[in-house]
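Here is the structure we will look at.
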Amino acid sequence: MTNNNYTELSHSDDCEKYVNQFIQEFPLRSAEIGQGTVIKRALPSRHKRMIGAWCFLDHAVPVTFPQGDGLDVGPHPHIGLQTFTWMIEGTMMHTDSLGSKQLIRPKQVNLMTAGHGISHTEVAPDTETKMHAAQLWIALPDAKIAVEPRFDHYPELPVVEKDGVAFTILVGEFLNTTSPVSVYTELLGVDLSATESTKTRLTLNPNFEYGFMALEGTATVNGHELTEDNMVVLEQGVSAIEIEIHAGSRLLLLGGEPFESPILLWWNFVGRTQEELKIARDQWIAQDERFGSIPDYEGPRLEAPAFPDQMRASK
């Protein structure tokens, strides 16, 4: 999904610093992005800009709508990142400038590597009436920031059962199980769901930083209350946690090694300098071949917002 309502320049170093505290929590921000779709944004935040290479996280909360009235996001560009869609309920058609056309269904992942540049659309089928999803971006490392764009669809992901919790391994390795999803940095993404209230203890990598979001219901993480309106963050140094998941709840766990360098995030672009982001914006406006085209889409392209005078980097 596009980042239309986040047009300030974000620097990865621009956040509050926590001293001698491994676990923190902060509130999410809510916004409507069209067709009644409400998102709750966790990243970037003034409290935490990134978790590993995860630089953007929106929770599209469950919504029901009439047939033909679902989300319709027109052509828009990306550079320097991978878009990662985890579909929980409903379906969405992805179409991009590479010629990819893929319907994503529940319990599936779409991964689009923008690299040097790509454009895409996201449209709910006319027969669809529901949607619930998590949309994330992964910043590409310096050596891969301008790779050739590509698209990958993952229809099946491994699931591990432990202490009454179903762990779907979205990215990386967890509980001795590895996801097939291909990324460029050491990352973790796990969906945790429980039909009954339960407790579990998880071993973590102390070199990673972590974040928990409740996609449905509530939980506690080492005594910190987790709801659908906040995020719990674990800084480096935590090697194990106790989680209590309440009946019918679903959590998203993200993790990764702190990113190698500060990034700039603006609109739908991730880069290292303001100049490269401005060039990408100007090329999108000029309909440069860098971003290709999507001839089958009949609606208008998304317009780039005004470019800010000063940006703040994120890390």
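If you go along the chain as it appears here, the first residue is 1 and each next one adds 1.
Every residue gets a Cβ built from N, Cα and C, even glycine.
Copied over from TrEMBL, here are the features:
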{"type": "BINDING", "residues": "His76, His78, His120, Glu122", "note": "Fe cation binding site"}
{"type": "DOMAIN", "residues": "40-138", "note": "domain 'Pirin N-terminal'"}
{"type": "DOMAIN", "residues": "190-285", "note": "domain 'Pirin C-terminal'"}
{"type": "REGION", "residues": "296-315", "note": "region 'Disordered'"}
Exercise. Using DSSP, how many residues of the domain 'Pirin N-terminal' (40-138) fall into helix, strand and coil, respectively?
Worked result: 0 helix, 63 strand, 36 coil
For this session: Fewest other Cβ atoms within 10 Å: which of the binding-site residues His76, His78, His120 wins that one? Let me know.
Result: His76
Seminar exercise, completed: Students should find that the Cβ of Glu122 (Fe cation binding site) has, within 10 Å, a number of other Cβ atoms equal to 23
Exercise. Of the residues in the domain 'Pirin C-terminal' (190-285), how many are helix, strand and coil by DSSP?
Worked result: 12 helix, 51 strand, 33 coil
Exercise. Along the domain 'Pirin N-terminal' (40-138), what average pLDDT does this model show?
Worked result: 98
